[in-house]
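Data block below; observations after.
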Amino acid sequence: MASLLLLVFLLALLISPSQADTAICTSQTFKNKLYANCTDLPSLSSYLHWAYNASNSSLAVAFVFVAYAKFDSWIAWAINPTGTKMIGAQALIAYIHEDGTPVLKTYNITSYSSIVPGKLSFDVWDMSTEYTDFNSAFTIFATVKVPEKAETVNQVWQVGPGFSKTTGMIEKHDFATENLVSYGPLSLVANIRDSTSPVSSPPSPGSSPPSPGSSSLSRDWIIGISVGISMTILVIVSIIYISRKRILVFFKKDEKDELDVEAFIRNYGLLTPKRYRYSKLQKMTNSFKDQIGKGGFGTVYKGKLTDDNDLLVAVKVLRELEGSGEDFINEVASIGRSSHVNIVTLVGFCYERAKRALIYEYMPNGSLDKFIRKQGSSSADCSFDYWKTLSKIAVGIARGLEYLHRGCNTRILHFDIKPQNILLDNDLCPKISDFGLAKLCKTKESIITHPGIRGTAGYMAPEVYSRNFGGVSHKSDVYSYGMLVLEMVGARRNLYSQVSESHTSEEFPHYIYKDLELLDSDENIYGATSEEEKEIARKMIIVSLGCIQTIPSDRPSMHKVLEMLEGPLQSLSVPPKPLFISTARYVAEASVTTSEPSESGQGNQF
């Protein structure tokens, strides 16, 4: 940062406009007209060129205020000193007559006092001996030694007029013997920076002053180019500096994520799935040509492992995440340590900085969402085999969740159970997938502290987005399971359209209790026509209503859910009506949906 500031400072010096051939003098008022600087006196600025002699190491220019009862004027002259004596100098005198007419004259100075190089010296010049206009006046000039080969800086000095303390008239004074302070302060009023090639001798009296046009034009070009180049460099340096900070932050974050993943691999040892290089993923997916699904966290491609008996796999390439690699590690850790028929098998993973991918066994029948929408699109299409399959799938999912909650050494809470995240193999055996939002905890632990909003609106338990309903635990997965089974039966298939039609929140799931009564009659509801089909539907609905109770402690465990699904219908009692929070309110209050619906194929993220 310090080096950048130093560079900016140096560039600022380059950008500063040159003061060549200019004099900045204090303003003077005469005849109610304000003469702001020396250039207001005609032609004076042009004569400043010969104020510099390149062959000498010493230079002096004096601007001296000359006071008289009738007029004021400025006087400037150049002196060419040799050694410690000033020999043969010429003064340039500019003043204004009483009538306002400007006068520009030169004056040869022949008498000087001794000077000390490098110090100021003063002398008195009585102009009344040379010009009758000056009845009584005085001047003071000063010389300043300029080091050889140094930048020429012409210092301009001014002294106040000497007024008589008794008469109030301007008088001639000898400053060599009198106190200078009595007649006004000696002050530096301007610096003249001369970088041009000046005339070595003063112009002849009456000759036209040199035209500054050509040198001024050239100087403007130089200034313009210098400013442009300097500004360009400044912008480039600023961009590099800002980009460097961002790049450093990115690489530090990426390095931390890399360390997290490496630490995970070391900690889990043999339990860790096989790690593949990204180039291997390109080979197994034929350069990612066969896309079979796309969701909120990435895109899924079909591939083949040639080194494993041509095993078909689904490769989920994750989007670059802005946060840490927590979701990625969660999924690898969760599925990597799970071995169950109803949990999808993680074949391997890839992690190369921003490139992250998960490799699963391929599920030819896609997601449960795809299955129930296709098979249950028409009530007439529902057969007994379909209802038996639904029951089998519901039991399989329950077994998978029961394993995650009780069967592992570390309890795994999924937090995103929904049809899109249930995959079906060749035999329509369900497999729970997508553990990106999962949380790992000790088996004895029940309540999760500060989990954040995790899940999908419509399947997310009330306590996940509002702690007023209770603590977040494995019972949150039970709630999601209940909503999923209701979706399978068809009891909440039209829920979204009902909300959009401004139905009250009490209509769901309260209307399902009326549907249970209709199942006892001869009416065809949910596509169930035979007694066997109605019994399956009734059992699935009763279990689901128990799972979606508002208070977590009122919900059964997944172990209990399995007992109810596999037990007789007669042993089940209809649970009380839960306090329902509508889907519209879910979305509004949760504000963030951490999982998105999938577009096709293998589900939301797989």
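Quick reminder: no glycine exception, Cβ is built from N, Cα and C everywhere.
Checking TrEMBL for transmembrane segment across the ranges 221-243, 382-404 points to 221-243. Every protein chain considered, the tally of other Cβ atoms within 10 Å of the Cβ of Lys316 (ATP binding site) stands at 27. Confidence across the domain 'Protein kinase' (286-580), taken as the mean pLDDT and rounded to a whole number, stands at 83.
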